[in-house]
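So the structure is just underneath, and the comments pick up after that.
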Amino acid sequence: MKAAVIVFPGSNCDRDVQVALQNRMGTAPHMVWHRETTLPKTDLIVLPGGFSYGDYLRCGAMAANSPIMRAVIAAAQAGTPVLGICNGFQILIEAGLLPGALMRNRNLKFICKDVHLRVETTDSIFTNRFNNGEIIKIPVAHHDGNYFADDETVKRLKGEGQIVLRYCDNEGETTDVANINGSASNIAGIINEERRIFGLMPHPERVIEPLHRGTHGAMIFDSLMEALA
Amino acid sequence: MSEITPDVIKSHGLTDDEYKLVLDIMGREPNLTELGIFSVMWSEHCSYKSSKKWLKTLPTKAPWVIQGPGENAGVIDIGDGQAAIFKMESHNHPSFIEPYQGAATGVGGIMRDVFTMGARPIANLNALRFGAPEHPKTRHLLSGVVEGIGGYGNCMGVPTVGGETNFHPSYNGNILVNAMTVGLADTNNIFYSAAAGIGNPVVYVGSKTGRDGIHGATMASAEFDDASADKRPTVQVGDPFTEKLLLEACLELMATDMIVAIQDMGAAGLTSSSFEMASKGGVGVELWLDKVPMREEGMTPYELMLSESQERMLMVLKPGCEEAAKAIFDKWELDFAVIGKLTDSKRMTLMWHGDVAGDLPIDPLAEASPEYDRPWEETPKQDRISADSIEQKMPHSEALKTLMGSADLSSRRWIWEQYDHMVMADTVVRPGGDAAVVRVHDTRKGLAVTTDCTPRYVKADPVQGGMQAVAEAYRNLTAVGATPLAITDNMNFGNPERPRIMGQFVGACKGIAEACIALDFPVVSGNVSLYNETNGEGILPTPAIGGVGMLPDVGRMATIALKRKDSVLVMLGSPTGELGQSVYLKNIECREEGAPPPVDLNSEKRVGTLVRGLINANVVRTCHDISDGGLLVAVAEMCLAGNIGADLHMPESGSEIAWLFGEDQGRYIVATRDPDSVTNAAANANVHAVIIGNAGGTAITIEGEDPLELDELRKAHEGWMPNYMAAPLN
Amino acid sequence: MKARVHVTLKNGVLDPQGKAVHHALQGLGFAGVEDVRQGKFIELELDGTDVEKARNDVTEMCEKLLANTVIENYDIDIVA
């Protein structure tokens, strides 16, 4: 199993996810520069976190138009799984691979902290190692993670089980206080209809070993490992 | 007609005597470009003319020091062919004028200093000082500075893991923003700034040059008055995205063998970078200024030499490498231009479309710049505050709650949650404890980092205060189990032309030197920021110390959080009951006075060695040093971090206030389930040890008082800053 | 030729920045402000002279990059 990590100018979690993939999957991923136009043979595409193009204009907007994204979109449409973390999630949305928009956090501040998340579906290649409704802890670090979509879209996401992770408190309640950035329905991560493209604001690559004070992030990579092996 | 009138000279910040020296060196009247170059090179900021004499007295050597002060940053050996490279630098005046951009470019500048030397930055810290919370500007400045630091550091993908924040009215009109970066390099791939190789190309990379910050370096060396707040055009704007690209491009180039010398363009931009490289290498430079990539039209040689546009570097390459090097910068979409060559003239010759626009000798400017022995007065000693003179006004638990919820000691979470402190996935001790710890990537080693200074101590007694700042850094590193290796110092003081202020600077230098020698903790880099006054009012003297230490194994370290309910709390180090300049005295008695707690460097070293030994032997995994607020505050912080309460015994005799709130130096609290082995080890090390209580429960209970529930204490501790910042602007 | 593009949030999309500005203005004593919406202003320097072509080009730029049409509207002004 071999992944490809796309590196945009301004990506800064590319190494972290490279290390996490190597750690969990035993194989170093391809690192693909955004100006490439073709992808190497790969079982998984990862769009890492960071500040592609400095987050100028809108987070992810310019990266979504990078040369490599045509190949990414084509591969995604052909069924290659795609994982977008933080800025990667923003890019997936700007590229139209996932619905909605990610806006400035409700309190207008960058937020870096551990957050509790409720696993809303285990019916995905990204979350099959969790239990339904499991409460997990993964850090966030973003300025623009406030998920927005019109009511109809949110309803559809709910109905189709496309909401994967929701911000919650330590008891699993998806309260307004636990909704750190003001996202619609406390949404922290969503998956596309075909359940192959997953975008999330939290950073699983930052919690893969006990020294990180948590290993729930590893479970996402382990789920992929199990599903794709 | 001469363009150099007395007004022009004065507006360039040169004194009459200095101008005479300019005439001597030049042998003629300088033109405006040349005058501008003298002006920035001889500014306090670039020349250290008031401070040099005393900085030379600081100890800078140890077997593990690879490079001490004088380069872009200091370098220490951390074993296995690896080096830690670090420095702290101020961006005080720009941050007061435009807090977001001032702080952001401060962070950008210090990171450049570190990666210029071949290191990848792995941790940022910042030491911040603001005016009184109730001052009308404080909230706006705090909010802007924190956003600026986060805006830059977060985008760079370098974790901001620590620092400190103080409030005091003396900073009302002159805040302090000191940013520190620690980087990691291989010892066989460190880059220096000495230019070499006559004929070698001088290359400019990074952002284009605009009219940013022209005369920023002279501004940073002049006292503020109310009119300076209008000097907005000199504010530089940071572009962290470009700097991230510059970092990656430079590291990519550094992995090759093409660079002879490299220097970032910081304060005084192209002038100071080119002069420093030439002066260190003993060579001359011919610069073709019309080849400098420009952002604006109609720029002059004067502007190009003085611009402080950010995210730029100057390099000397090996001959014939230009194309290969350019390819790397093209990949990262950065400007790359050959703008000159090295000569054997030992002069700086500035060419502008084929004409000579300036021609200056290098050494007299760069190395023979003025050095002053400013008159100074010793700070009068203050009396020790006798604990018996202080009467208890309220239950100790109530005093604790007041202190923990005060501007001085409340939680800084509101600040550090705006910083990405986890990117790079090697942060193993996050902000909020003693020192932060970042793992050295792909190893078991850890670097512990901290910044420390207690300005009110320094004001009361500069020598003791200087010592204390170093000792506190030593203690914070020790408390996580790290061996303290070296420091960087950021000396923030008022106007050195006032003997009283100069006396503070001299005293602090003496104290720092003494502590560094005693603790084997040399200074490897630093920065001086003088003239920090507004309308004649000086700031509290603030020699901020950035300390770096090494943990051999991140699996054996300590944090402040209590971990087990059945552990015993042991205090190591001797209590003496010092309430002078304490947080208790300030917040409960409303007095800022008295002698600060004295530092006993021998005892400091003995206790520190013991504590590190206990942690490295895995006997202790929970440790906190006792500092601001004293023993009770330290215990409370350990309880809150671990969400476990504590029962505390009181001493049989003596002042309870002094016991609980005295800020006596050289002390730690450890939690252990095996108190005997701790006290035995202490006895063997000739260190005073006493059991002060037990962990457990959900409250802090002081003998003879009602319990104080942790939830209630937490509310006070965590609440102050968010509540303060949420109040409407006035 | 210049194109001036205003990008604004669609009605109904929460604008936390506008809200914060509104709040701050009230704090400063500007009582008469009923609402604040924050947007972006982008100025493009174009080399052609054909206003209609320019408008079409800039519209495409807005659709593809300058605006996020999920949450934003845009308004184009061509200045010959």
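Quick reminder: no glycine exception, Cβ is built from N, Cα and C everywhere.
Keep in mind it's a predicted model, so treat the numbers as computed, not measured.
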Would you identify which residue of B:Y48, B:Y152, B:Y584 TrEMBL lists as part of the ATP site it also attributes to B:K87, B:D489, B:G526?
B:Y48
In TrEMBL, B:S90, B:H91, B:N92, B:H93, B:R112, B:Q236, B:E308, B:S309, B:Q310 are given as binding substrate, so which of B:S411, B:S525, B:S529, B:S567 is in that site too?
B:S529
Is any of the binding-site residues B:S90, B:R112, B:E308 within 10 Å of B:D264 (Mg(2+) 2 binding site) (Cα-Cα), and if so, which, in sequence order?
B:R112
Compute the mean position of the Cβ atoms of B:Y48, B:K87, B:D489, B:G526, which form the recorded ATP site, and then list in sequence order the other residues of that chain whose Cβ is within 8 Å of it.
B:L55, B:P69, B:M88, B:E89, B:T488, B:N490, B:M491, B:V523, B:S525, B:N527, B:V528
Where among B:12-49, B:198-352, B:566-697 do we find the most Cβ pairs under 8 Å to the domain 'PurM-like N-terminal' (B:70-184)?
B:198-352
Anything within 10 Å of B:E89 (Mg(2+) 1 binding site)? Look among the recorded positions B:H45, B:Y48, B:R112, B:Q310, B:D489, B:G526, comparing CA atoms, and list what you find.
B:D489, B:G526
To the nearest whole angstrom, what is the C-alpha distance linking B:R112 (substrate binding site) and B:N527 (Mg(2+) 1 binding site)?
15
For B:G526 (ATP binding site), list the number of other Cβ atoms lying within 10 Å of its Cβ atom.
27
Does the domain 'Phosphoribosylformylglycinamidine synthase linker' (B:12-49) reach the domain 'PurM-like N-terminal' (B:432-550) with at least 3 CB pairs under 8 A, where each pair is 6 or more residues apart?
yes
Given B:H45 (active site) and B:N527 (Mg(2+) 1 binding site), what distance in Å do their CA atoms have, once rounded to a whole number?
9
Distance from B:N527 (Mg(2+) 1 binding site) back to B:E308 (substrate binding site), taken between C-alpha atoms, in Å:
18
